[in-house]
Amino acid sequence: MHARHVFVSSVFLFLLALCIVALLRPRDSPSPLSFFQQSRQAPVSSKDITEHDSWGGASNCDYSDGRWVRDDAAVTTAYREDCPFLDPGFRCMQNGRSDSSFRYWRWQPHRCHLPK
């Protein structure tokens with residue numbers, strides 16, 4: 001009976017801590033689970049990119065302010081993980097990822113075009 005009481009108390013404390021963290025995080029921060037969820041956004045076309053190009057030059061561009069977009073046209077045919085500039089944590093295939101769907105995603109800044 002004592003072991004069950006300890007288990008129930010542990011689960012309760014974990015759920016309580018999770019609720020507190022969820023309530024205290026800023027509203028504009030992404031959900032902790034958003035990393036695991038597939039984006040439901042439509043693929044970006046080259047027409048969309050051209051329209052975004054007119055928003056401003058490099059001086060107005062904040063490359064850190066943007067989102068990941070699926071772009072079937074931008075997939076790289078030769079994906080290599082032996083690049084010396086690629087951090088080991090981002091070597092998807094070497095770290096056990098079995099699919100290559102990550103190659104269809106690219107970063108799109110909100111107010112400018114990121115050159116390829």
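The chain as shown is numbered from 1 upward.
Here the Cβ of each residue, glycine as well, is placed from N, Cα and C on the backbone.
What TrEMBL records for 1-26 is signal peptide. The feature region 'Disordered' is assigned by TrEMBL to 41-60. The domain 'Trichome birefringence-like N-terminal' annotation in TrEMBL covers 60-113.
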Q) Per-residue pLDDT averaged over the domain 'Trichome birefringence-like N-terminal' (60-113) comes to what? A) 81
Q) For the domain 'Trichome birefringence-like N-terminal' (60-113), what are the DSSP-based totals of helix, strand and coil residues? A) 11 helix, 10 strand, 33 coil
